[in-house]
Amino acid sequence: MGQRTSKSDVADQGALPHIRFSASEEGPPRASERRDSRQELRRSSIYSTIDLVPQLELYANSLQGRQSRGRPSLETLRRAFDVVTDSGHDESQSPKEEKGPVRFGWVTGVMMRCMLNIWGVILFLRLSWITSQAGILLTWLIILLSVVVTSVTALSVSAIATNGRVSSGGAYFMISRTLGPEMGGPIGVVFSFANALACALNTVGFAETIRDLLQEFDIVMVDQTNDVRIVGVITVTVLLLISVAGMEWESKTQIVFFLVLMVAFTNYFVGTLIPASPEKKAKGIFNYREIFISNLLPDWRGPDGSFFKIFAIFFPSAIGILSGANISGDLKDPATAIPKGTLMAIFWTTVSYLAVSVTIGSCVVRDASGRLNDSLTGNVSDSCDTLGCSLGWNFTECIQSQSCEFGLANSTKVLGQVSGFYYLTTAGVIAASLSSALSFLVSAPKVFQCLCRDNIYPYIGFFAKGYGKNDEPLRAYLLCYFIALAFILIAELNIIAALISNFFLCSYALINFSCFHASITNSPGWRPSFHYYSKWTALFGAVISVVLMLLLTWWAALSTFCIIFFLLGYVAYSKPKVNWGTSVQAGTYNMALSYSVSLSGVEDHVKNFRPQCLVLTGPPNQRPALVDFVGSFTKHISLMICGDILMVCPKQTRPQNATDCLVKWLNKRKVRSFYAPFTADNLRSGARHLLQASGLGKLKPNTLVLGFKTNWRESSSESLEDYISTIYDTFDSNYCLCILRMMDGLDISDQFDCEVNEGFEPDDPAENNDHHSPERVDAVSDGKPNEQIKTVFQNDQGKKTIDVYWIADDGGLTLLVPYLLTRRKRWRQCKVRVFISGDEHSMEEGRKEMISLLKRFRLDFHDVIVMTDSEKAPLTKNVSRFEDTVTPFRLKDEQQDDTLPQELRQRSPGKISDKELEAFRLKSERKVRLNEIIRRNSQNTALILVSLPVPQSDCPSALYMAWLDTLTCGLHCPTVLIRGNQQNVLTFYCQ
């Protein structure tokens, strides 16, 4: 319930290393101070030489090339001394700085990388076919719809990336640090896997290009499918070697790929302007003619001939917008590079995709035979009515027989055929495919490495290790390599593209939702320097991403959701020990604050009554049984506050690390409770203040829970008065009251070898006299507070009974507590027996009346026992034992005189005069008799609840304490003395 310590018990907090003190703060500087550099002196505040001015080192965890430094604590600043720091070494002795890791700017690190990823295999191998299927107009719609999703996501990424320092981990890092590990962990797994799939996608695209190139020269290794697999395996192995070589080599390789792509683009656009030769015309290429009009509208063909299936195939081309963010740990300034580079990459790639789709749709017909003799000059036909006829070519035969091998709808090599030099476009395809594959092969391991280092999931820590100055995740590279290898063996580009779309759309949805959620929580910590975003556009991006997932391939979307929810459920269950200051925490605070304020305007109603408990536990780990008992009927139901009254001399609060340790103990025990330490001169004063000040609005305690003062006979009169006065104050505050007594006592502080509150000493003082030594230390700071000692309330109670002795009507709290207990799994099989007072003549009538009342209360208590012998006189030996109990507290004859009771109580607090003992004799005997009945009926029960007698103002403290002792003595099971505040807590009305 409380704890008394001396000032020496509290460890000094915030002490700085290597310090010396001078007698006065304003005194002349010492020689050691003169040795400090002029720069260090400038960093001191004008208020004090130890009070520092604002500087970057105080806000950064670590800065490269500088020693981390902490500001002095308030305790240090309040001391009447001057602290002088001693660095202990000169700057000249500092070790030589090693060459730092390679860092990239926004052009090479973000924009170029994103552009290379977006200019992937879809651009060269599928865009012409998509244009033939969807037409120019719908192709533009597909492109712009993809751009809307990616642009909104890019704005959200920019906002998150500029709201503080972004480390490595890309999308996973942003989502996890915004929404927490519950959402970050699943998306980290899915996003890493999606990047590995994207690597396989682009590698297969490259392998198809090489296969087709070899077939032009009549070279076939095995067959079409296996040739793709062989080339793909060799390619991804080479890319792995480049990645393992380091980011510097990877970056140089990407620059080469970028230059090749620029040449390929130039070659293509120049080729659209060069007049077509007869060979090109035979393949359906006619430059800018009336073809544009005929290709405006869609011409759906085959099983993939629908808008959303075409969109599913195209969308992976836009997924490269996170390539720069994925290597955020390798950027010089991620907050600047990510927004600038990503948005510029989206703009230029969008322009290029639109330009390619409209130019290819303006120059090439959908179907062509490739035969030179289909020219109308050599084959005139009256039945020719196709577009080629107006251009001088008759492709009717191959169109009708569906045997055309050329044209937009039939060939994947159209861009190369249109180009000025075919093999330059082939080089562009190779560069686009390899650059994207290489980028994804680098991104996936870096994201996965960050996930592994956060220890959210088990058994993956092996992949967290980094090597070299750039901390390369070599083990994660190998894992990504084998995943990509497995999907390369599928060798089907469209299948992989459909799978990958869902994973990236899911990632985009969560990124946008992260930005939206962080914005609506109004957290002061949400201050992105990128202002060109809106929470509503972020929400739109999240919604449209989910809708597109379902419209594209609903079965893949549902599978993705199942994977996400499974991974999320594991993280929610395991509760990783991380604290990233997420928007979820901010949102929880906002909701709690809003609901608390709204509850303040709602009047209390008996149907919503909950026993909200203030439990005077002292350090909770010293009285685990008291904590477990209250937690048994308040968890997930009502408020519980563990009050710890600190009686320290002089007054001093508990160190923060000790408070945090006790909160961790409660969390580890899975007790849903607040911990409230309070400094006071004595138990009564502290309890009184806690009764008045605990809680917030309607979330305020209405029940005080105490442990029984087992050693009350050996306690000082002041300690006893403190305890009884606390009970008086509880009733005066209109609180309900519970007092728990255990056979072996509640206090286990002797197991911690610690100092305890003098108002609540250990139960056996003879064994614990050494606990009053001032040299003892607090139990919460000796390294043992997290020891979880099992109590009877953590056991399965089986089919025992809970016996309720409802002696006095207190409003129903005596019945409500056992009902709440039986809702718990450990107490569910227990049967509740209700004992009431009555006489033999009306016993059955009283029993039926009580059963009727319980039935109306819907408590499901059916076993009612009427005590007809409660008015009988107790046994003589038990009365004698009671008298022996109060004998030490009786006044001697010479002390009684004719003094008034009030004066007598002031002169001898806690003592009992003969007159008072005689006046309360009948009440005392009834307590003795009730104890006899309880011991006879309830020896082997799980729990006993007895109505607590309300003390009268003229009742001596020692006598009242003797009544409580008598009621509960000789019982081997936990006993609760309980009393409501005489207001209804149960009702059988609906309103």
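The first residue you see is number 1, and the count goes up from there.
Every residue, even glycine, has its Cβ placed from backbone N, Cα and C.
The compositional bias 'Basic and acidic residues' feature in TrEMBL is assigned to 1-10 (among others).
What TrEMBL records for 27-41 (among others) is compositional bias 'Basic and acidic residues'.
According to TrEMBL, the feature compositional bias 'Basic and acidic residues' maps to 768-783 (among others).
Residues or ranges marked as domain 'Amino acid permease/ SLC12A' by TrEMBL: 109-614.
DSSP labels the residues of the domain 'SLC12A transporter C-terminal' (623-757) in these numbers: 54 helix, 30 strand, 51 coil. If you look up TrEMBL, you'll see 623-757 (among others) marked as domain 'SLC12A transporter C-terminal'.
Look at TrEMBL and you will find 784-990 (among others) tagged as domain 'SLC12A transporter C-terminal'.
Marked as region 'Disordered' by TrEMBL: 1-41 (among others).
Feature annotation from TrEMBL assigns region 'Disordered' to 759-783 (among others).
As annotated by TrEMBL, transmembrane segment applies to 104-125 (among others).
Among the features that TrEMBL reports, transmembrane segment is placed at 137-163 (among others).
Among the features that TrEMBL reports, transmembrane segment is placed at 183-207 (among others). With a cut-off of 8 Å between Cβ atoms, the residues of this chain six or more beyond the transmembrane segment (183-207) that come close are 120-122, 125, 169-173, 175-177, 227-232, 235-236, 239, 316, 319, 326, 429-430, 432-434, 436-437, 440-441, 443-445, 447-448, 450-451, 454, 456-457, 480, 483-488, 490-493, 496-497, 499-500, 503-504, 506-507, 510, 514, 560, 563-568, 570-571, 576.
Feature annotation from TrEMBL assigns transmembrane segment to 228-249 (among others). Same-chain neighbours of the transmembrane segment (228-249): 101-102, 104, 199-200, 203-204, 206-208, 210-211, 221-222, 327, 330, 434, 437-438, 441-442, 445, 468, 470, 472, 474, 477-478, 481, 484-485, 488-489, 491, counting only residues six or more beyond its ends whose CB sits under 8 Å from a CB of the stretch.
Sequence-distant contacts of the transmembrane segment (255-274), counting only residues of its own chain at least 6 positions beyond either end whose CB sits under 8 Å from a CB of the stretch, comprise 108, 112, 115-116, 119, 287-288, 352, 355-356, 359, 362-363, 415, 418-421, 424-425, 427-432, 434-435, 438. What TrEMBL lists as transmembrane segment is 255-274 (among others).
Through the fold, the transmembrane segment (307-325) approaches residues 106, 109-111, 113-118, 120, 122-123, 126-127, 130, 133-134, 138, 142-143, 145-147, 149-150, 153-154, 157, 161, 166, 170-171, 174, 194, 198, 201, 298, 331, 334, 337-338, 341-342, 345-346, 353, 436, 439-440, 443, 494, 497-498, 500-501, 504-505, 507, 548, 551-553 of its own chain, all at least 6 residues removed from its boundaries and within a Cβ separation under 8 Å. Annotated transmembrane segment per TrEMBL: 307-325 (among others), in sequence order.
The transmembrane segment annotation in TrEMBL covers 345-365 (among others). Tertiary neighbourhood of the transmembrane segment (345-365): same-chain residues 110-115, 118-119, 123, 127-128, 130-131, 135-136, 139-140, 143-144, 147, 150-151, 154, 265, 268-269, 272, 284-289, 291-292, 294-296, 317, 320-321, 324, 387-388, 391, 395, 407-408, 414-415, 418, selected by CB-CB distance under 8 Å and a gap of 6+ residues from either end.
According to TrEMBL, the feature transmembrane segment maps to 421-441 (among others). Under 8 Å from some Cβ of the transmembrane segment (421-441) lie the Cβ atoms of residues 113, 116-117, 119-121, 123-125, 195-196, 198-199, 201-203, 205-206, 209-210, 213, 235-236, 239-240, 242-243, 250, 253-254, 256-258, 260-261, 263-265, 267-268, 271, 320, 323, 415, 477, 480-481, 484, all in the same chain and six or more residues away from its ends.
Residues 201-202, 204-206, 208-209, 247, 251, 254-255, 257-258, 261, 313-314, 316-321, 323-325, 327, 330-333, 336-338, 340-342, 344-346, 348-349, 352-353, 356, 412, 415-416, 425, 428-429, 432-433, 435-436, 439-440, 493, 497 of the same chain, all 6+ positions outside the transmembrane segment (104-125), place their C-beta atoms under 8 angstroms from a C-beta of that stretch. Per-residue confidence over the domain 'Amino acid permease/ SLC12A' (109-614) averages out at a pLDDT of 84.
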